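Engineer: Features from TrEMBL:
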DOMAIN    112-426  domain 'SAM-dependent MTase RsmB/NOP-type'
REGION    141-174  region 'Disordered'
BINDING   Cys225, Ser226, Ala227, Pro228, Gly229, Gly230, Lys231, Glu248, Asp279, Asp297  S-adenosyl-L-methionine binding site
ACT_SITE  Cys354  active site, nucleophile
Amino acid sequence: MFRRLVSGDVFILQRRLSQSLKCLRLLSCNSVIGSDRGQDLSREERTVPTERVKLDHTNTRIGPADDTFLVPSRPEKQKRVCKVILDRFDQQYGQELGPLWPSARAVLLNPGCWQYGVMLNRFTAVSDVKQRLQGQGFISLLPHTDLPHPPSPTQPHPPSPTQPHPGPPPLPPSLQCFIHPSPVRYPSPPHRQGQLKAYYLLNAASLLPVLALGVQEGDRVLDLCSAPGGKALAILQTADPALLCCNEMDPHRRDWLAKTLESFIPQSLSSTVTVSNQDGRLFGQSEAGMYDKVLLDAPCSNDRSWLFSCGTGGDQEGAVRLRDRARLPTLQTQLLRSALAAVRPGGVVVYSTCTLSRSENQEVVEAVLNTCPGVELQDLEEELALPLQEHFTFTPLGHTPSLGLLVVPQQGRTWGPMFLSRIKRIH
Ligand SMILES: C[S@@+](CC[C@H](N)C(=O)[O-])C[C@H]1O[C@@H](n2cnc3c(N)ncnc32)[C@H](O)[C@@H]1O
């Protein structure tokens, strides 16, 4: 049971699930729970038929099915692309990304080539899963060092005059994520009564905002827009915070978040990991300066799923979505201001989205930097982009001012879209 301990509305996670949660359970049988971002991976999981086959490392079928690989099959009838949304993306991203857009477009339109990361759950025995993954050609995403804990971005260690430059902080060794060069899918973790799930499937780019947050032992952390909970789980893989408050305004998504936490996190953390239901825009007032770190994984356009999300309403539904999209930067800016007010002086906020859209990414960060006194943008290039450029395609590095990192999906490195930016509150 995860219980919110701070003031405001209290949300109690109950083991007895409500009627609405039963629906979520049904979805979870289709792999929604245990996957990242309801809006992208899991939607695809719900709609793209799968078949069991055995593959070699080049993604060639080599034998009959066993239960170790589950890959998206090539659907006989392609999932319908929402033309009005694709047209808008072509127009906007063609301009904003230039030559990177045609290759990103090809990836986004082809779910069959999407890769999936497997994040191990350190609260379970993972050696079997790890061995199986490695035996099947999965590799570790993070170049781990032997150092126990990275220095915090809130406590910079100035280089000593007698020592060489210390370089970027090491990545947290307890966070283990495995990826495969081919778009093979590891099966969703099975539900076993009374047992925690051993791993979580996700878009590996989702780990970048969590790494940028750099949570340390004893930190008070707020995950302002938390459902379905993938990044909250990742935070708990990196360190033992004193508090992780997972906030989600939408009641159905909050149920989903609670279920995710229940499936992956031991009961012993129930007073550390809490769930709340405020409008994130109000946190800056209600809990001003209360947190060391705040993650704002903001509601956004979600390019990956929007391309296929016209539904029965067809292009008209897409047009409504695009009209609503125009309101997102205002909401995102309000949420980011609130996040910066909720963090203590010296603390950091990480802002992230899963869209390529400049107006929801760089322009939101720029607007807040220009209007919030006492905050400063932090560089993530040396710390994250350089060590991980083997796995992710970041938009051309070295652009100044960069305002953040943008991961653009490319063939063979289909992670993203993901934008992230880190802002420190100085006073
Ligand atoms: C991109 S999703 C978060 C994904 C999540 N961080 C994860 O990794 O699983 C954004 C979430 O923000 C929620 N949201 C939208 N507006 C909000 C608000 N004003 N306050 C709090 N949450 C909000 C949405 O319901 C949605 O679940």
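Numbers here mean position along the shown chain, with the first residue as 1.
Glycine is no exception: its Cβ is also placed from the backbone N, Cα and C atoms.
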Engineer: To the nearest whole angstrom, state the Cα distance for the pair Gly229 (S-adenosyl-L-methionine binding site) and the residue listed as 'active site, nucleophile'.
Structural biologist: 15
Engineer: Relative to the Cβ position of Gly229 (S-adenosyl-L-methionine binding site), how many further Cβ atoms are located within 10 Å?
Structural biologist: 32
Engineer: Taking 10 A as the limit, how many CB atoms besides its own sit near the CB of Cys354 (active site, nucleophile)?
Structural biologist: 25
Engineer: For the binding-site residues listed here (Cys225, Ala227), which one has the lowest count of neighbouring CB atoms within 10 Å of its own CB?
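Structural biologist: Among the binding-site residues Cys225, Ala227, the sparsest Cβ neighbourhood within 10 Å belongs to Cys225.
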Engineer: Once near-sequence residues are set aside, which residues in the chain of Asp279 (S-adenosyl-L-methionine binding site), 6 or more away, have Cβ atoms under 8 Å from its Cβ?
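Structural biologist: Set apart from Asp279 (S-adenosyl-L-methionine binding site) by at least 6 residues yet with Cβ under 8 Å, we have Met249.
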Engineer: Distance between Lys231 (S-adenosyl-L-methionine binding site) and Cys354 (active site, nucleophile) at the Cα atoms, whole Å?
Structural biologist: 13
Engineer: Can you tell me how far the Cα of Cys354 (active site, nucleophile) sits from the Cα of Cys225 (S-adenosyl-L-methionine binding site), in Å?
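Structural biologist: It is 13 Å, counting Cα to Cα.
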